[in-house]
Each structure stands twice: as structure tokens, then as C-alpha cells.
Amino acid sequence: MVRANLVSVILLMHVIVGFPFHARGLSMTYYMMSCPMAEQIVKNSVNNALQADPTLAAGLIRMLFHDCFIEGCDASILLDSTKDNTAEKDSPANLSLRGYEIIDDAKEKVENMCPGVVSCADIVAMAARDAVFWAGGPYYDIPKGRFDGKRSKIEDTRNLPSPFLNASQLIQTFGNRGFSPQDVVALSGAHTLGVARCSSFKARLTTPDSSLDSTFANTLTRTCNAGDNAEQPFDATRNDFDNAYFNALQRKSGVLFSDQTLFNTPRTRNLVNGYALNQAKFFFDFQQAMRKMSNLDVKLGSQGEIRQNCRTIN
């Protein structure tokens, strides 16, 4: 009776906070019978890695985005290039991605316990979620059941949004994938973690830019004195998931043009101001948008496979 009541409460909680148990063939309880420890195994791999190197949290979140935005959330970003094919991960846009070894570790441990059951695509989605929470962000549940794709081509990465897009272009690019302007601003808040390389923002330093604080421009210039690969944190708390990124935009201290444009544009400025004022609101909207991102164009059943090794198709 107690167990039945507990299940009823959990079900009710998922309904109240908007967590569908089934989304496009996915299910919150997908591995309950086939691999009940899957989520805990992934979480342990993520936590152990981030304790050793907190900067990898940003890498895992970015990996999910770069995976899902191309061929959908199908772990195509994990596939290695072959002599006959240059894969997504070797695109210039993806060369700075980090965290592959965390996915490999989780996959190896899951395979040892439940061979051929848990997809690499689900592991990428769970790892990003766990990284957000580990860094101090909101916890959100996601349905599982994604299958792994069999295609990974460098030319597909041309669809990744550029750091040089303005707000209208970002809204259109994301809108084509079903995201609202609010989603765009909330997802951009993932830049509360991590760094940008000089090559992605140095163009802002060569022409007068009234949207860039002069003191911060000097900071960026000093960073770029060390070369194109020199790194600049997006905000002052690079390893903490908070709303400091939006506070920086208000101070005209966004690192990328595609960051600062969100404050410069009236259509998105109010969202930036709202998140800068209310971190809880940012967290709520971010988890909603990440749930949507994690469900983007997923493959099911015969559309994909369950890879034995995340780096190669079976």
C-alpha cells in the first residue's frame, strides 16, 4: 500500500510540474525494468569527472546542443571519422568540444551491467542534465528511449548557430527547430558556464562597438594577446550555474556578439532583464527549454540502433 501510494505521488508530481511520462515514444521509466541503475551509473561518471575537472560541465551541456541541433539527439556527435567519412566532431565548430571520455566511461559501465540496452544518445542527454545540476543549476527529468543514429557528416555542422548571429537571426534559426524567443534566451544562459576562445569574439575588438563596455573590451583584448585559442570566461563564475551571465549582458560585458545582442535587441532585452533579476525564473525556463532540446528529432526503434561503442556504428 505504501509503495502504491508513493508511486501515485510521483505520478502526480510529474503531472503538476509538466513532466510528461511519454514524449514522442520516449518514457520517463524506459529503463526501469531493463537497466534500473542506468541513470545512477551515468550520474556517478559525471560527478566523478566534474569533481576532478569542474570545467567539463560546460562541455557536456555544449555537447548535447551540438548533437541535437544537427541530426537530432542521436549521439551523431560521438562518432569518429573513418577513411571514407569526416564526422561531425572533426568540424571546426566542434574541435573545442570536451567530455567525450565521460560518455565513454558511462557507456562502458552501463554495458557491463546491461549489454545492448542503453543508447549513447540517452547517455549524452542524461550527462548534460547531471552536469547542470552538479554545477548548481536546476534538476530536470527527461524521458528516455532515444536510439543512436548512423549518420555523422561534417557538412551537416553548417547548421550550427554562429557566435556572430544577431538576435533576429538566432530567433529564426532556433525557431526553425521549434524554439521560442524565450527558449533562445534561456538556452543562451548555458553560457553561465565555460569559456569562449578569442577566435570567436576578436572581430568585436577591431571595429567600434557601442554595445561593448570599454573596460571589458580591454579585458578581451588582453585575452586575445595570447592568441586565437586564448580563453575568456563568459562570466565571473565560470563553473557555477547561476544568472551572472545575464547580469554581465546588462553591463555590456557579453563575450560573444551573439550574447550581447540579446540585451541590445528590444525583443529579447526584457527576458535578459527578467533573468538577471530573478534566477529562479531563469532556472525554470532553462529546464523547460532543455527538456525541449533533449527531445529534438529523436530516433526511435528501426530509425537507429543501440551502439555497443559510442564512437562507432555497430
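Each residue, glycine too, has its Cβ placed from N, Cα and C.
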- request: With CYS35 as one half of a disulfide in TrEMBL, pick the other half from CYS68, CYS73, CYS114.
  value: CYS114
- request: According to TrEMBL, CYS198 takes part in a disulfide bond; indicate which of CYS120, CYS224 is its partner.
  value: CYS224
Field: Member of CYS73, CYS120 annotated by TrEMBL as disulfide partner of CYS310
entry: CYS120
- request: Using the recorded Ca(2+) 1 site (ASP67, GLY72, ASP74, SER76, GLU88) as reference, state which further residues of the same chain have their Cβ within 8 Å of the centre of those residues' Cβ atoms, listed in sequence order.
  value: CYS68, ILE70, GLU71, CYS73, ALA75, ILE77, ALA121, GLY149, SER152
Task: Measure from the Cα of ASP242 (Ca(2+) 2 binding site) to the Cα of every one of the recorded positions ARG62, CYS73, SER76, CYS224, then give the nearest.
output: ARG62
Task: List only the single closest residue to THR237 (Ca(2+) 2 binding site), chosen from the recorded positions ASP67, CYS73, ASP74, GLU88, HIS191 by CA-CA distance.
output: HIS191
Message: Taking only same-chain residues 6+ apart in sequence, whose CB is under 8 Å from that of GLU88 (Ca(2+) 1 binding site), what do you get?
response: HIS66, ILE70, SER76, ILE77, LEU79, ASN94, SER152, LYS153, ILE154, ASP156, THR157
Field: Sorted by sequence, non-THR192, ASP235, THR237, ASP242 residues with Cβ within 8 Å of centre, Ca(2+) 2
entry: LEU193, PHE234, ALA236, ARG238, ASP240, PHE241, ASN243, ALA244, TYR245
